[in-house]
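Everything below concerns the one structure shown next.
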Amino acid sequence: MTQTAIATPLHAITSRRSVKFLRGPAPKPAELEQILQAAMSAPDHGALRPWRFVVIQGEAIGKLADVALEAVKRSGDPRMTPEKEKSVREWMASVPLFVAVAQKIAHDNTKIPEAEQLLATGCATMNILNAAHMLGYGAFWSTGIGTYVEDVQAALGLDSLDYRFLGFLAIGTPACAVPPANRPDYREFVTEWTGPL
Ligand SMILES: Cc1cc2nc3c(=O)[nH]c(=O)nc-3n(C[C@H](O)[C@H](O)[C@H](O)COP(=O)(O)O)c2cc1C
């Protein structure tokens, strides 16, 4: 379970925090179905359903690590030192489930701005993070693991001509206790508009 038990529906949202270090067990198949179904309740202008998710689990995680790390090294990214590669491999090996996130580019759509499709995909992804948390799992959205290296998204079947690749969700059981997060006071970010300025 992540942190304290969820007291109210609103607390389910406010108590979520990202958890990077995860282990098994992963959500059970029926739970994963619930988590992915939650994504389908995202707001979606024009019902374009722009979100796409690719589930990666079991032996496929090792294959993803091989493909992604080789691609990142080929891309010449100087940050991919042998030490970094080792730590990413160890991290990925301990995570029991990844979900790759992409936005399907609606080539024929002329009505709904692309930014709105991206936002709908982000909302769907947020629903996944919240649903995983509500079922007692930890989750972490990462744009590491070669997200911006074209060969990685191609290897996942997400050709860059048709998909904007948005990263990976790691999902599993928190590897250690998760203290509550410090969140800012909403008043720092909210104003009330009462008429033209
Ligand atoms: C699209 C997106 C990509 C992210 N990629 C990374 C990443 O590659 N590495 C990282 O450390 N955090 C990344 N983060 C941030 C974490 O997922 C997480 O939100 C952050 O650690 C704050 O934790 P919180 O969600 O509990 O506020 C990303 C967040 C988003 C929304």
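Placed from the backbone N, Cα and C atoms, the Cβ positions cover glycine too.
Features as listed in TrEMBL:
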| type | residues | note |
| --- | --- | --- |
| DOMAIN | 13-172 | domain 'Nitroreductase' |
| BINDING | R16, R17, S18, H45, W141, S142, T143 | FMN binding site |
FMN binding residues R16, R17, S18, H45, W141, S142, T143: largest Cα-Cα distance, in Å and rounded to whole number: 28
Across the domain 'Nitroreductase' (13-172), average pLDDT on the 0 to 100 scale: 97
Listed binding-site residues with Cβ under 6 Å from ligand 1, out of R16, R17, S18, H45, W141, T143: R17, S18, W141, T143
Fewest other Cβ within 10 angstroms of its own Cβ, chosen from the binding-site residues S142, T143: T143
For W141 (FMN binding site), the number of other Cβ atoms found within 10 Å of its own Cβ: 18
Most Cβ neighbours inside 10 Å, all chains, among the binding-site residues R16, H45: R16
CB within-chain contacts under 8 A for S18 (FMN binding site), separation at least 6: L129, G138, A139, F140, W141
